Amino acid sequence: KFSLTKSFSEIRVKNILNRKMLYNIYGFLVISAGLFGSIKADYYEECEGVEQEYVAVAEDCSYFIFCHGEDSFKNSCPDDSPYFSVVDQTCEMDRKVCGDRPFPDGDFSSEIEETTEEKEEEININVTAPNVQESKPPLETTPVSTSLKPPTVLSSSSSSFQQTTSTPSLPSILPSSCPAVDNPNKPIFLSHPKSCSDYYLCYQGQRLPMHCSNMLHFDVRQQKCDYPERVKCQVSANVTPREQCLSHTLDVYPHPDNCNYYYQCTLGYLRVMQCPLNMGWHYEKRACVLRQFAKCYNSSRRFIL
């Protein structure tokens with residue numbers, strides 16, 4: 001009898017201990033879940049008093065924060081438009097939108113200017129090379145005198161020179177053929193019918209294919225490569241992004257039907273990209289903006305979710 005009561009009491013004590021242990025484990029899990037939930041949410045000081053809006057990061061102009069309560073997140077601008085604009089709520093190519101915010105990874109705009117200057121120097125060298133061969137004896141004196149006197153000394157000749165360069169240039173550029181005889185003082189460039197970043201240089205009646213630096217378009221009237229926002233080049237609607245994306249091309253193209261998407265060309269590789277939440281593609285700014293400011297390439301079909 002003594003052994004039976006002892007065994008029953010031991011079993012009762014074990015049950016009480018097991019029950020207390022379960023309560024402790026349950027309490028630990030509840031506290032851990034609360035701590036985990038509080039740690040998981042990201043907190044940004046920039047988002048205080050801001051809801052569903054993009055804010056800038058003071059330490060780096062290439063980063064931005066989307067404020068949306070516990071779902072707020074931090075992200076960086078792409079390489080083709082590395083500067084975040086607080087006013088336009090999007091990533092831009094112009095370094096001026098940063099203001100006082102630093103850009104530790106370098107100045108993208110200066111690289112573009114250097115590449116365009118180098119490209120123009122290459123074009124000038126290729127164009128003037130035949131002139132040097134034809135006029136070898138006065139190699140040092142004649143190019144300087146002929147290039148400086150007309151625009152600086154004679155105002156009347158400069159105005160007539162501008163008229164001759166502006167009026168004949170348009171008929172010579174708009175056609176898709178080069179003249180049989182070159183004018184050594186005025187090279188002729190032709191636009192490409194299927195690409196905004198490619199163009200032609202006329203030389204001895206032949207078209208020499210050339211292309212602008214990365215993310216730049218050819219301006220027919222200015223006869224040089226410039227920012228796409230200034231050039232406003234548009235190819236025919238029959239030309240697909242696949243035809244424009246060549247092995248030397250770095251560019252973006254609007255989606256013909258869906259304003260939530262756009263195309264990105266990287267050296268011949270074409271990818272379909274999607275704008276972030278509540279944003280759409282602006283084909284003139286060539287960037288994702290807030291949906292109410294989006295400007296679709298085809299206005300009849302806007303957002304398709």
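Glycine too: its Cβ is placed from the backbone N, Cα and C atoms.
Taken verbatim from TrEMBL:
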type	residues	note
COMPBIAS	108-123	compositional bias 'Acidic residues'
DOMAIN	44-100	domain 'Chitin-binding type-2'
DOMAIN	175-235	domain 'Chitin-binding type-2'
DOMAIN	242-298	domain 'Chitin-binding type-2'
REGION	106-169	region 'Disordered'
TRANSMEM	21-39	transmembrane segment
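Looking only at the domain 'Chitin-binding type-2' (175-235), the predicted model's pLDDT averages out at 87. Per-class residue totals from DSSP over the domain 'Chitin-binding type-2' (242-298), listed helix then strand then coil: 6 helix, 26 strand, 25 coil.
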